[in-house]
Structures are given as structure tokens and as C-alpha cells.
Ligand SMILES: Nc1nc2c(ncn2[C@@H]2O[C@H](COP(=O)(O)OP(=O)(O)O)[C@@H](O)[C@H]2O)c(=O)[nH]1
Ligand SMILES: [Mg+2]
């Protein structure tokens with residue numbers, strides 16, 4: 001199979017040889033670039049929404065740009081704060097929809113006041129009550145909860161997923177009303193005077209519901225049936241630290257936090273004196289029509305596939321399985337005339353979630369032609385890897401890596417292998433190696 005993560009040899013451990021290697025590369029690069037800009041490698045991160053593209057980019061920043069600024073750390077803390085309240089509200093809505101009884105709903109339950117605190121919490125208001133970050137910045141991201149495509153009312157607009165690539169999106173960004181809050185109001189109409197809770201009280205309420213309400217846990221286990229942030233459990237486990245309005249995120253918090261990408265961002269990195277430009281794009285359907293403007297002069301595509309999402313449906317269209325959408329997208333990109341000779345690097349991402357999920361959510365239920373051992377991580381991964389590689393009708397290579405994009409240690413290794421590979425391939429193609 002195409003998994004080509006390089007293993008350090010004894011030679012590569014020798015600092016002298018490493019220096020020599022770098023010197024050789026500089027000289028080769030100078031020879032290569034006389035009069036042109038061929039030493040800039042342009043990598044495009046592509047894949048469906050929430051697959052992990054921006055997280056891969058964040059890891060590149062940690063590796064090659066000295067990490068995150070203090071401002072980013074404060075801003076992410078506020079975004080996660082809003083996300084953790086909204087995620088708990090989503091669990092409250094969905095438990096009612098799925099008919100899961102909550103302990104906090106039973107008469108006289110000591111958990112009832114905690115549920116009330118979450119129902120009353122207004123994340124933005126709480127940010128304004130003392131956060132160091134600007135709420136203008138935040139409101140852009142909180143609005144994303146209003147962007148939820150009301151799948152049922154839009155079923156007729158989106159059509160079958162067979163031409164998902166570059167097709168017009170379903171304009172899921174038109175609506176800005178906060179759907180979750182509306183739904184909560186329907187389930188729990190609040191006649192009594194709204195009590196104002198502090199950030200600390202709200203965080204405590206989330207923490208208590210998460211750790212003590214068995215209905216919330218049951219509902220979370222069914223979260224593949226609805227839309228919940230990938231990192232919701234991380235937010236809940238750590239919610240007390242986000243109660244501090246001046247908390248600055250750790251690297252891991254930022255990797256776990258999610259800000260939906262809109263448009264295409266370009267970030268430059270210097271890696272061993274080679275210039276890499278990484279393009280990161282929004283992955284949802286409405287974003288894909290922007291991609292084509294950047295398809296020229298791409299050195300390699302990094303396609304990010306969330307393997308854990310085989311039992312989930314799209315945020316933008318709840319009729320469509322996320323893995324099916326990725327298959328359609330990969331097929332279209334891989335065989336597109338733009339990328340006939342462009343190497344692909346396929347990240348089988350969210351492997352950590354996949355490993356946990358495969359034990360309780362049978363793959364065969366979603367992919368009936370899977371005939372590997374049930375609940376077997378290796379068989380299941382091979383199944384997807386083989387099926388994706390089979391889609392390639394061109395002669396270009398596809399390099400596969402199994403990744404957990406939030407894990408800095410393993411990503412350091414994978415990303416070094418990827419940048420090495422790109423440099424080596426290009427030196428070879430130029431006849432230098
Ligand atoms: N557990 C886990 N979470 C991940 C992984 N990769 C990404 N995520 C999380 O998934 C969410 C979406 O990731 P993001 O990079 O924004 O996806 P994008 O829409 O493709 O850019 C974020 O909350 C990430 O922290 C992974 O390998 N494991
Ligand atoms: Mg993104």
C-alpha cells in the first residue's frame with residue numbers, strides 16, 4: 001500500500017551528515033531556481049468539512065512558525081467557551097428528540113438546577129461579562145450555529161450527492177438565527193423569570209451534567225446521529241478552565257478548537273530553506289466552488305479524510321453519509337484534468353476516534369460490502385485505504401498516512417515525511433537527484 005512514512009536511518013541521526021544534506025539541498029535549490037520560482041512548493045489541503053484540514057495546518061504552524069500568538073490563545077478560548085455551551089445545549093435538544101430520559105428531568109433531581117443554568121446561558125453575553133477578547137471576533141463564530149442547514153426543509157434543493165464536487169452549495173450560510181436555542185425553547189418553554197448565571201456557574205453546570213447525568217452520556221454515545229462538534233467531549237472534560245474569561249489556550253486546546261474555515265487561506269513556511277505555501281480551504285459544499293481558482297501550479301494535494309465519520313451524515317445535508325461524500329469528492333479531484341500528474345497525499349485522519357468507534361458502531365451497517373472482521377481496526381482501515389486507492393485512474397502516486405491530526409508528536413513525524421517527499425520528488429523531477 002502507499003504508506004511511505006520515512007523511518008530515520010542511522011545516517012539521518014548523524015548531525016554532520018544532516019548539515020551536509022542541508023548544504024547539498026541549498027546548492028541544488030539555487031541551481032534549480034536560477035531565474036524562476038520553482039523552489040516554492042504549493043500544497044493544497046482538500047477534503048470535506050470537519051475532516052481536519054485546518055488542524056493539519058495548525059500542526060505545520062507549530063512545527064515551522066513558532067506556534068500560536070497570545071491573541072490567538074485568548075480568541076480560541078472564547079470560541080471554545082461558546083462551543084462548549086452550545087454543545088451541551090445540543091445534547092439537551094437531542095436527548096429529547098431521541099427519547100432519552102435525563103436524570104436532570106426527574107422530579108426533585110439535584111441536577112435540575114444545572115440543566116436550568118445551561119438552558120439560560122447565553123454564551124455571547126457571558127463573554128461580554130469580562131473576557132479579554134473582542135466579542136466582535138466571536139460573534140462571527142457563534143453565528144455558525146445559526147448556519148445549520150435545516151436539512152428537512154431543504155431536502156429538495158441539494159439533489160443527490162453524485163456531483164458534489166464544485167457544485168453550488170445549499171446556501172447554508174443564509175440563515176443566522178440560532179436554531180439550537182429555538183429548539184430548546186420548544187422543548188423547555190421557560191415561563192419563569194430568567195436567572196443570570198456567572199461563567200463559573202455555567203461551567204460547573206456543564207461539568208455536572210456531563211459527569212453525572214447518565215442520559216447526557218447516552219445521548220453523546222448516539223452523537224453520530226446528529227451534528228455535534230468532534231471535540232465536544234474534550235470541551236466538557238476541560239470546561240472549568242474555560243470559565244476563566246482571561247484563560248489562554250494551550251496548544252492542545254487550539255488543536256481541539258474549531259473555527260470553520262471560509263474562503264481559502266495561504267500560509268508560507270520555510271522548511272529546510274525550501275519555501276512551502278499551504279492553502280487551506282473551507283470544505284463544505286458551498287465553499288468548494290472557490291477551490292478551482294487555486295488549482296494551478298499545485299505541487300501536491302493533501303486530501304484529508306476523517307475515517308471516523310463513516311457513520312455520520314453531512315452538516316450541510318443530513319441525507320448524505322460523510323464517507324460517501326468524501327469518496328465522491330476524492331474521485332472527482334483525483335481524476336480531474338487539473339491533477340493528472342499531481343501527487344496526492346491521503347491522510348486517513350481521526351484515527352483515534354475511529355479506533356474507539358469501530359468497537360461499537362459496525363462498519364457493515366454503513367458499508368454492506370465490507371467483509372473484514374467486525375470491529376477490527378486494521379481490516380476496516382485497509383478496506384477504506386484499498387477503496388480510495390482503487391479510485392485513482394491516473395498514473396500518479398498516492399501516499400497514504402494514518403493520522404491523528406490533533407496529536408503533535410505523531411504529526412511532526414508525518415509532516416516531516418511529507419515535506420521531505422515533496423522536496424525529493426521535485427529534485428528528482430528536475431534531474432538534480
Ligand atoms: N480527535 C480528533 N479530532 C480531530 C482530528 N483532526 C481534527 N480533529 C478535530 O475536528 C474538528 C474539525 O477539524 P478542522 O481541522 O477544523 O476541520 P476542517 O473543516 O477540515 O478544517 C476540530 O475540532 C479538530 O480539533 C483527529 O485526528 N482526532
Ligand atoms: Mg478548516
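Every residue gets a Cβ built from N, Cα and C, even glycine.
Here is what TrEMBL says about this protein:
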- 50-55, 255-261, 280-284, 349-352, 405: GTP binding site (BINDING)
- 54, 261: Mg(2+) binding site (BINDING)
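Distance between Cα atoms for residue 352 (GTP binding site) and residue 54 (Mg(2+) binding site): 17 Å, as a whole number. Of the recorded residues, residue 261 (GTP binding site) and residue 54 (Mg(2+) binding site) place their C-alpha atoms 8 Å from one another. Reported as a whole number, the C-alpha separation between residue 54 (Mg(2+) binding site) and residue 255 (GTP binding site) equals 9 Å. Checked against ligand 1, the binding-site residues 50, 54, 258, 282, 349, 352 give 50, 54, 258, 349, 352 as the ones with a Cβ under 6 Å from it, listed in sequence order. Secondary structure from DSSP puts residue 349 (GTP binding site) in a beta strand. Fewest other C-beta atoms within 10 angstroms, among the binding-site residues 53, 258, are seen around 258.
The C-beta environment of residue 349 (GTP binding site), restricted to residues of the same chain at least 6 apart in sequence and closer than 8 Å, consists of 51, 52, 56, 304, 305, 306, 307, 403, 404, 405.
For ligand 2, the neighbouring binding-site residues among 50, 54, 255, 258, 349 are 54, by Cβ distance under 6 Å. For residue 255 (GTP binding site), the same-chain residues 6+ apart in sequence whose C-beta sits under 8 angstroms from its C-beta are 55, 58, 59, 405, 406, 408. Comparing Cβ neighbour counts within 10 Å across the binding-site residues 50, 352, the minimum falls on 352. Remark: residue 282 (GTP binding site) has 49, 260, 261, 262, 263, 264, 290 as non-local neighbours, by Cβ distance under 8 Å and separation of at least 6 in sequence. Cβ neighbour count for residue 54 (Mg(2+) binding site) (all protein chains, 10 Å cutoff from its Cβ): 23.
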